[in-house]
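J.: Please find one structure pasted underneath; my questions will follow.
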Amino acid sequence: LCLKILGNFKLSLAVSGQRKMAEIGEREETIEGRNVGAMWDLEQKLDQPMDEEAHKLKNMQKEKGLSTLMLLRLAFQSLGIVYGDLGTSPLYVFYNTFPDGINDTEDVIGALSLIIYSLLLIPLIKYVFIVCKANDNGQGGTLAIYSLLCRNGRLKLIPDQQRSDQELTTYGRTFLPEGSMAAKTMNWLEKKDSRKRALLIIVLVGTCMTIGDGIFTPAMSVLSATGGIKVNNPQMSSDTVVIVAVLILVGLFSMQQYGTDKVAWLFAPIVFIWLLFIGGTGLYNICIYDTSVLKAFSPTYVYMYFRRRGRDGWVSLGGILLSITGTEALYDDIAYFPLLAIQLAFTLFVFPCLLLAYCGQAAYLVKNKDNYANAFYESIPGTAVAVVMLVTTVLMVLLMLLVWRCNWFLILVFTVLSLMVEGAYFSAVLLKVNQGGWLPLVIAAVLLVVMLVWNYVKIKRYEFQVHSKVSMSWIISLGPSLGLVRVPGIGIVYSELASGVPHIFSHVITNLPAIHSVVVFVCVKYLPVYTVPEEERFLVKRIGSKTFRMFRCVARYGYKDLQKKDDDFENKLFNNLFSFIQMERMMEPVSNSSNSSSASICSQPHQSREVLINNNDMDMFSSMVDYTVSTLDTIIPLDIPINAASYYPDRAVGEEETNELEFLKSGRDSGVVHIQGNTVVKARRNSSLPKKIAINYVYAFLKKICRGNNVIFNVPHESLLNVGQVFYV
């Protein structure tokens, strides 16, 4: 009986023990769940976007209006920059339209009619009055349209868009009403990365074609102009003409270093006189030779031209296309002058002069059809131009739908007219690719491959940084000393991330026994805008409490801000940091009373081997931090003597807090170290051969010749600390 009672007693103890163990397990799971939740909440609070900081920045500069005199002056200057290509087109259009001679004088009237309506529809109506309005704060080109689309939707392949970016005065976006055609189209584009890539490829094709065309445009114009020397000197060889053209081109490009303003003032009178001369000559030829050419303003002669010439007429569109070369350059160059100045110059002067010039040539050729080649020099067919125009049309349709939210009927009319005209030109120039038009296409294809490789690796590198970043809560859990010796000085850690701690920083603090007394995480961010105003460039916030001496700064740049070096970057950074501290001190009473400041997430100093998080919902988190900090105490004791307070200013208990500005200034005097990652990207061993060539050789070469942040921001070599990383794609 006793044994039985004893056995039952042991059994009951075992059962109760199991129950208690289960209860303990459940409690631990609950605690662990609460700890994970607390960690997540803390992480979210520490890595909040800088929306509030961005909202405080206001652009105090107001755009000044232009006087009538200044507008006319700028319109005159634009002649020397914008209209050089369009103005020299009359030199070679008719020759390339009739390379085998003129059989019927009516063909001249038909070609003139095509030229008139090409100039009317594409440069004047489409570009000057529609496309040029699709500018990014004055910037034109396919990239400008792409930046507008990216700002109005999540179309970037690198997901670094933040709400604080929208506070920029140069950002500008429109909100699409729910359920509208524009909203549905944007959602369709945003859903899959493949659609975003397709849009990016279209943009890059347009950009590369513009570059490919731009390589030959100066040579084409100068060769055609110097070819006129042979009219009065038939014995002169073509080699002499080429040498003269080369010398002129060298002189032209040598003057680019003096800036747009000086070049514009130099060439504006030349282009003005040239256009006035060809316009006046055209008017003279109309009066002397044949006024009947003015009937070409009737579009019926376009139909009669194609009906009469058939396939030859279609092929001749490659020559007609040369009359509108320079139109895309007109859109790209609107950054230099106000849109109204360009519209005035083209509408009131350039367009009438070109019409008179072409009409005058047609009048001369009607009476002298055998002299079609005397005044012209054979040129390369300008093929990339047609592709660029088609790309611009596609992007403009998206812009009109998603950004401008135009009526669908207007969009349809614009699309049909543009594709009809430009599609006809494109199909015609394809027949002349083997006559020289292949060269700009090959150059554009090479540039496209280079851009795609660079963009692919950049996306992969950003994803690597996102996945390898360190939790900010882990950094805070180390305490104000970060588990290291805080030596005098300021460490600036560069990263592409606007939140979290870059992997290079954790690599540094786990391999080095010391870190600077002040740490600033700097994210250099490139936004889809032309420029970021200087007063809105920097966003600054504090990380943790004041005792941590850690800050985050986001330096925002547009796609043209860093064409030149920012030699004063360090001074600008510290000026904004000092301004932030002064503003924070002024608002400190409000922040303490409301307990809502981002700078007061961790308000208690490191006491009794415990980090206290200033949040009522994080009681369980302190126990987690206790373990981490207490393990560090065995290496770095917390009972620091008073004479070591200069190395541990945040550990001095009971000592009055020194002026933080003076502390930062003394730290700057002690030395500033710029810490940046030197990421080496390599293809995996099992990658395909094209991928290995693209990453291991093409990208490696591009990265080697491109400027890094240390060069752009003029970082002294002795102040630079590169942290090596290898990333396999």
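Glycine too: its Cβ is placed from the backbone N, Cα and C atoms.
Whatever TrEMBL says is automated annotation, not expert-curated.
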J.: What range among 66-84, 636-654 does TrEMBL record as transmembrane segment?
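T.: Feature transmembrane segment in TrEMBL: residues 66-84.
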J.: Go through 66-84, 236-253, 313-331, 338-364 and flag the stretch with the largest number of C-beta pairs under 8 Å relative to the transmembrane segment (198-216).
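T.: Maximum Cβ contact count belongs to 313-331.
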J.: Who are the long-range neighbours of the transmembrane segment (514-532) in its own chain, taking Cβ under 8 Å and residues 6 or more past its ends?
T.: 136-139, 144, 146-148, 150-151, 156, 160, 165, 168, 170-171, 335, 482, 484-498, 501-502, 505, 508, 543, 549-561, 573, 577, 649, 663-664, 667, 673, 709
J.: So what's the mean pLDDT when you look at the domain 'K+ potassium transporter C-terminal' (488-726)?
T.: 72
J.: Applying the under-8 angstroms CB criterion, which one of 236-253, 338-364, 409-431 scores highest with the transmembrane segment (313-331)?
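T.: Highest pair count goes to 409-431.
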J.: Counting only residues 6 or more past its boundaries, what in the same chain has a CB within less than 8 Å of a CB in the transmembrane segment (236-253)?
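T.: Tertiary neighbours of the transmembrane segment (236-253) are 218-219, 222-223, 225-227, 229-230, 377.
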J.: Which residues of the same chain, at least 6 past either end of the transmembrane segment (409-431), have a Cβ under 8 Å from a Cβ in it?
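T.: Result: 118, 121-122, 126, 130, 314-318, 320-321, 381, 383, 386-387, 389-390, 393, 396-397, 400-401, 437.
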